[in-house]
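Feature annotations, courtesy of TrEMBL:
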COMPBIAS  509-519  compositional bias 'Acidic residues'
DOMAIN    184-241  domain 'Potassium channel'
DOMAIN    280-354  domain 'Potassium channel'
REGION    425-445  region 'Disordered'
REGION    492-519  region 'Disordered'
TRANSMEM  87-104  transmembrane segment
TRANSMEM  183-204  transmembrane segment
TRANSMEM  211-232  transmembrane segment
TRANSMEM  269-291  transmembrane segment
TRANSMEM  303-323  transmembrane segment
TRANSMEM  335-356  transmembrane segment
Amino acid sequence: MDVAIKESEIQARSRIIKNHLTERNNCIVLKIDTHMSKVEDMSPFGFHFEFDEKKYKERKKQIRKQKITRFFAWLAYYHHKFGIRHVTLIALLVGYVFLGGFMFEKLESPRELEDLKETIVLMQGIIDEETTDIINVTLSTNGTDRVNKLAKLIKRYYKTMLEAEGRFHGSVWHKAENLDMHLMWYFSSATFYSMTLFSTIGYGTISCQTVWGRTLSMIYASIGLPIMLVVLGDIGEWFQKILTNGYIFLLLKYKKLRKQPVNRKKNEILLPMWLALFLVLAYILICTLTIKMFDHNEGNKPGIGFFDAFYFTFISLTTIGLGDVMPYNIQYSPFLAAAFLLGLALISIVNTSIYAQLYQMFFNMINSVEDQLDRIHSSNHKGPGYKVFHDMEPVFRMLVCTFPPSHPQTRIKFAAVVRDSFRRDKEKKRESNTSDQIKLRTRTESDIPAHDGFHLWMTKRAKKRQMEQENEDLHAARRRAPTLGAFGGFDMNLFKRGRSNTSPFEKNDSEETEESDVE
């Protein structure tokens, strides 16, 4: 026969406080970590263990959210330390670099292998043909005639090989064919080179080979770059003013013909980005057609095609300057550089407009992400109250066990006090709602004497009732046993009214409360 061992009151208290601290997960910190300034039912020790189902569910939801969004919590932590926008900008740029590398590798790598195979076959055919010709010349001729024929033959096949690889243009034999036309350095080409230095285009097809020339290039570019920026800024502003005024003039004429009102002032109307893009595209097309026409008309070689001319113009206006595609007959013309410098001023207008809009859009998005990460960080990282109460858990257990045993009659009286406290809370809420409704009526002069006298009488009556309840219920409230919360479950207003050593802040709060009740 099993004998049930009855637990003592100390054991019951220990079990209750242990279950409370374990199951509720220190719900008291919810009121401290959320910076709640005024709580009506604060206990004498400054915290509250009364179980709040709403707060408890919110806490469980936060814990579940922590498990699901660990990555975002980690990201929020580093954002809290370093700032996410800097990392985002760098990651965006690095990601864009790798994306470009992936795309260009997939597009160009197969073509490079095909060109390599075709060039190898072509070069092998040239070598076989050259070998056959060399053998024939060697067997058919003698003496000096053989040497001259072999030299001419090797030179011809060398040129053929350079042309097969696309390297003949600009080579030694190409320059030697026509010194006046094929030399790299003359006045017009040197002028073209100087303009490409301070415009930062730098095609790479013409460059200095001497030490003094390279030194002068660095000095010349250092002086020319600031001058070019000032000129481009001034011309770009002038272009923008002209284009904006023209757009405003046409817009007002259009509104006037349609009899539509203009809701904005003239100084508030800006040049639309789509119009600026259209003007830049039109300028690129004009430069493309001009380059194609002059390259076909100048020189003996046929000029470049339309797509190559468009590609060359775009690469030049964006100051990329790869130099892989150049006009055949006017590649060193200074008029090209002058046209591109004028286009750079027009490009600056579009770049400013696009940059401003992208900057605004990007940082608006970043600000919203940062706000979200701040919320995640604040919800995932426990406040200082959590650690404090977690470390004080043994003290709570010891404090509960040190309470003296309570008499059954005291427990019954304490239960009645608890019921009365809940009833008084409901009455207070009902009275506050009623008073709010009463305040809606406008007071007249005839209402003031009767109203003030009635409330003065009610205040005295309330104070008298308050003093009677203090003497009757305060001692029972002190001799309470653990209920739902370790130190909760009764009306804390009774305890507050019984404290003799209240702080000035508590006195002021109580006085303000009484004054608000009177009002």
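Numbering starts at 1 and runs along the chain as displayed.
Glycine residues also receive a Cβ, built from the backbone N, Cα and C atoms like all the rest.
Note that TrEMBL annotation is computational and uncurated.
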Contact call for the transmembrane segment (183-204) and the transmembrane segment (269-291): at least 3 Cβ pairs under 8 Å, seq gap 6+: no
When counting Cβ pairs under 8 Å to the transmembrane segment (269-291), the leader among 211-232, 303-323, 335-356: 335-356
Same-chain residues near the transmembrane segment (335-356), Cβ under 8 Å, at least 6 residues beyond its ends: 191-192, 195-196, 199, 201, 228, 232-233, 235-236, 239-240, 243, 271, 273, 276-277, 279-280, 283-284, 287, 290-291, 313, 316-319, 327
Mean predicted confidence [pLDDT] for the domain 'Potassium channel' (184-241): 88
Spatial neighbours of the transmembrane segment (303-323) far in sequence, C-beta under 8 Å, 6+ residues away: 196, 199-205, 280, 284-285, 287-289, 291-297, 329, 336, 340, 343-344, 347
Contact set, same chain, for the transmembrane segment (211-232): CB under 8 Å, 6 or more residues outside the stretch: 194, 197-200, 341, 344-345, 348
DSSP residue counts for the domain 'Potassium channel' (280-354), split into helix, strand and coil: 51 helix, 0 strand, 24 coil
